[in-house]
Amino acid sequence: MERSLILVKPDGFRRGLTGEVIRRIEAKGYTLAALAVVTPTRDQLAAHYAEHEGKPFYEPLLEFMSSGPVAAVVIEGQECIKGFRSLAGATKPTEAAPGTIRGDLGRKWAGTVDENIVHGSDSPESAAREIGIWFPSL
Ligand code: RTP
Ligand code: MG
């Protein structure tokens, strides 16, 4: 069964939206395989966002992601990688469609990096790599 690594980012966690994100995941029919509250280390974030190293938003992204605890969730279900990205909506909250997590709950904020509430793996390879970063024992 396919798995995906979801993060409720510091903005979502701080605003008490973890339950709302999990509600939408469960309502869609996906199963929770692991769940943890984690204060990310710089090393974890550098590994997680290795593909973005050197981009202009890389440092602000790591700073934003270091700003508080996140909820890390492994979900399971048929095509849940693509399915969760549909639930999440477009990367920029102001472009995400209503009905999506980012469209309903995300917002443009003062910093370089949008507060877009969630991360979801973008391929089976990314999912396997990211699950190893956040849940080394899985
Ligand atoms: P994610 O990885 O968080 O699920 O989001 P994504 O696939 O939709 O977006 P990605 O391109 O992987 O970018 C990762 C995160 O970096 C921030 N970002 N800011 N200012 C910008 O142009 C910019 N581009 C990306 C966002 O927080 C995005 O979720
Ligand atoms: Mg991404």
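Just so it is clear, glycine is given a Cβ too, placed from its N, Cα and C backbone atoms.
Feature annotations, reproduced from TrEMBL:
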type: ACT_SITE; residues: H119; note: active site, pros-phosphohistidine intermediate
type: BINDING; residues: K9, F57, R85, T91, R102, N116; note: ATP binding site
type: DOMAIN; residues: 1-138; note: domain 'Nucleoside diphosphate kinase-like'
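Taking the features listed in TrEMBL, we show where each one sits on the structure.
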{"residue": "K9", "record": "ATP binding site", "DSSP class": "coil"}
{"residue": "F57", "record": "ATP binding site", "DSSP class": "coil"}
{"residue": "R85", "record": "ATP binding site", "DSSP class": "helix"}
{"residue": "T91", "record": "ATP binding site", "DSSP class": "coil"}
{"residue": "R102", "record": "ATP binding site", "DSSP class": "helix"}
{"residue": "N116", "record": "ATP binding site", "DSSP class": "coil"}
The domain 'Nucleoside diphosphate kinase-like' (1-138), counted residue by residue under DSSP: helix, strand, coil: 59 helix, 26 strand, 53 coil
Segment-level pLDDT (mean, integer) for the domain 'Nucleoside diphosphate kinase-like' (1-138): 96
Spatial separation of R85 (ATP binding site) from H119 (active site, pros-phosphohistidine intermediate) - C-alpha basis, Å: 9
Listed recorded positions with Cβ under 6 Å from ligand 1, out of K9, R85, T91, R102, H119: T91, H119
Residues near K9 (ATP binding site) in space but at least six apart in sequence (CB under 8 A): F64, M65, V70, E115, N116, I117, V118, H119
Fewest other C-beta atoms within 10 angstroms, as judged across R102, H119, which are the recorded positions: H119
